[in-house]
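Asker: Next up is a structure, given as structure tokens.
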Amino acid sequence: MKRHYFVQMNNQQRVTPVGVCAVSSRAPSLEDGSQKGGGGTVNEGYDVTDDVDQSPPDYGIVNIYQRSSGDLSSLGGKGKNMYEGSHEKSESDKGGNGADEDSDIITEYIGHYGLWQFYWTFLLCLFQIPTTFHIFCLVFQAANRDFWCARPAHLRSIPLELWRNLTHPNGGQCSHLNAPYEQLSLQNFTDYFGSVNVSTLEQVSCNGYEFDSRIFGQTVITEFGLVCDRAQMMSIVEMCFLAGAAMGAVGSGWISDQFGRRHTLMCFALIQAVTGFLLGFVTSLELYMALRVIIGFASMSVAVVSFVLVVELVSGKYRTIIGILNILPVAISYVLAAAIAFFTRDWRLMQFVITTPGACLLLMWYWCPESPRWLLAKGRIEELKAIIDQAARVNGFKLPSGYEKTLQVPETETSGDVVSVFDLFRIKFLRTTLVMLVVWFGIVLIYFGITLHLSNLGGDIYLNTVLAGSVESIAICLSIVVVLKLGLRVNLFLYMVVAGLSCILMNFIPDGNLWVIISLAMIVKCSVGACNAIIPTFTAYQYPTTMRNLGVGAGNFAAGVALIIVPYLWLLEHVDQYLPITVMGVCSIIGGLSLIALKDKLSKKYQQRHRSGSGSGGSMVSSVTRSTDDDTRRIDKHFPRDNVENGLSNIGFAQNESIFL
């Protein structure tokens, strides 16, 4: 993004807005009719040279002002001190979280974070709640329940324990003794089984099933009979949603790039709401699975696009903070989902309840702002101006007249350079890409492997869910403080290793120590929940601006593969009870250790962006000192600090001389 300054030349009253990453000028020559020493008009469009070794005569005076929120006409004599803060980089600046490090032209007009950003980032974060409901609902809607062969209609009055003891002598659930039940009655039922040798009766498959309804009411499993020889269908049902989510994670970024964040978000939220309500009415398993694919795609798209829109409304260190806080409603939603499931006890009713909040959020479609940075990238200046006017008014910024002339399409959008997914695997980025794929895969595998199968850990599923959501909420809040102190990479490394070791440690806990296992599971949930909040921001910092979407998209692809594997991972418990949790732990440790191969580029990101002409925040000399040493020496040589008086940079321009900002 080009840096914008207002330049007043030759002491003229008019102030010209100039968008620059390198401000270069040459005073008019005598052949052009100019007078030495200033006072003449300024001719624009002269060639620029970089011959700084000469000492030509002074042809004029240039007053350079960093743009402020005041009116242009009031800038005279109040320009920004050129050397202000040049040697006062804060600790947060060194860590990549300085308030001015992610500045662009939009930030200059609306600020990094104000009341307007707070209002919309809060509302947009709410989209994570219904999305999490739909992702997490199968934990309750398809919870494991005790079941047995159904009693014939005329024998329903037989006590349940008596029926199970006599007809299921081996404790089986999928078969019962082949007795002439049609000939039996309530009176002779017990006598018959007392008079025959039950070992001579063969086992036959159940004609129907009854389920224990003491903990859960009607579920997807009871609705469609997904037990015994149809039990494997439950993994396919779960995979349908996660496969749709995987496609949404990869495809939603491209869709929002083409059609905008706002309409993409709202369209997918509408699809999510409509499909969610339809799911509550279906009576066919095939239709149920088809709708789960659609709602999976829509839900993950809502999660991804709302995250992108939220972080594009803010800048500076607030992108890291808001990016992490955007995941906080996810953890809170687990607690809310447990409460909804506890009071509804019916999968259809729960489906209607969890869909309603998403439908209500559609009411903000008309007022929701488009991403100002997407509008700038697309050159839609009129729409951008309307948003800037509103945001500046709410945030208390006074916009200069004619500021819209400084709104220019970023150079990276018009340079003609086209990047593709193959660029991620070139030598320069190959190591980064491979590490990101491993890390994303490990985080998503363990995060959803634990989250979607809390019932496999034992204990009360409602209590486990509330605990998991609570500890994850705390972890997300604490991770903000830790990230700002230690950086993203160190946190990811520690969280992934701790989560992996906790998973493996579960193998060594003796049977009967349920609370120890649950405590370790909460440590895993806490650690991997923080990873889930950090990884999108960390990935974005590993790539230059033009490749950032591709880099995050590649991570989402690895996440999609992990999502599809999760339902089948838990089938390994038929081989060994703790094999699934061990696999997740190993993947998490491998992902954490792979981060050693990367450098934490958060503190270097803005230097790279500055060298590519994207600009940064702060005063003008702050930008200068982030440039190359040659450029800094060039300015110090020709424009010493003695020229700075009363907060105004009066720089004598000589012929063929250039200023690099």
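Cβ from N, Cα, C; glycine included.
Residues annotated as region 'Disordered' in TrEMBL: 26-55, 72-99, 609-639. According to TrEMBL, the compositional bias 'Basic and acidic residues' annotation covers 85-94, 627-639. According to TrEMBL, the transmembrane segment annotation covers 118-143, 233-255, 267-288, 294-314, 321-343, 349-368, 434-455, 461-484, 491-509, 515-538, 550-571, 577-598. The domain 'Major facilitator superfamily (MFS) profile' annotation in TrEMBL covers 183-603.
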Asker: Is the count of Cβ pairs under 8 Å between the transmembrane segment (434-455) and the transmembrane segment (294-314), pairs 6 or more apart in sequence, 3 or more?
Answerer: no
Asker: Mark yes when the transmembrane segment (233-255) and the transmembrane segment (550-571) have three or more Cβ pairs under 8 Å (sequence separation 6 or more) and no when they do not.
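Answerer: Touching, yes - the transmembrane segment (550-571) and the transmembrane segment (233-255) meet the threshold of 3 or more Cβ pairs under 8 Å.
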Asker: Sort out the residues at least 6 away from either end of the transmembrane segment (294-314), same chain, that have Cβ-Cβ distances under 8 Å to it, and list them.
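Answerer: Sequence-distant neighbours of the transmembrane segment (294-314): 112-113, 117, 120-121, 124-125, 127-128, 130-131, 134-135, 240-249, 251-253, 255-256, 261-262, 264-265, 268-269, 271-272, 275-276, 279, 322-323, 326, 358, 369, 371-374, 536-537, 556.
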Asker: Within the domain 'Major facilitator superfamily (MFS) profile' (183-603), what mean pLDDT does the predicted structure show?
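Answerer: Reported value for the domain 'Major facilitator superfamily (MFS) profile' (183-603) is a mean pLDDT of 85.
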Asker: Return the stretch with the most CB pairs under 8 A relative to the transmembrane segment (349-368), choosing among 118-143, 321-343, 491-509, 515-538, 577-598.
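Answerer: Between the candidates 118-143, 321-343, 491-509, 515-538, 577-598, the best contact partner of the transmembrane segment (349-368) is 118-143.
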Asker: Compare 233-255, 321-343, 461-484, 515-538 by their Cβ pairs under 8 Å to the transmembrane segment (118-143) and return the stretch that comes out on top.
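Answerer: Per the Cβ count, the answer is 321-343.
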Asker: Determine whether the transmembrane segment (321-343) and the transmembrane segment (515-538) share at least three Cβ pairs under 8 Å, counting only pairs 6 or more apart in sequence.
Answerer: yes
Asker: With an 8 Å cut-off on Cβ pairs and a sequence gap of 6 or more, do the transmembrane segment (461-484) and the transmembrane segment (577-598) reach 3 or more such pairs?
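Answerer: Output no: the transmembrane segment (461-484) is apart from the transmembrane segment (577-598).
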Asker: Taking the transmembrane segment (491-509) as reference, which of 233-255, 515-538, 577-598 has the most Cβ pairs under 8 angstroms?
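Answerer: Looking at each of 233-255, 515-538, 577-598 in turn, the most contacts to the transmembrane segment (491-509) are made by 577-598.
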Asker: I'm a bit unsure how to read this: which one of 267-288, 515-538, 577-598 has the highest number of Cβ pairs shorter than 8 Å with the transmembrane segment (233-255)?
Answerer: 267-288
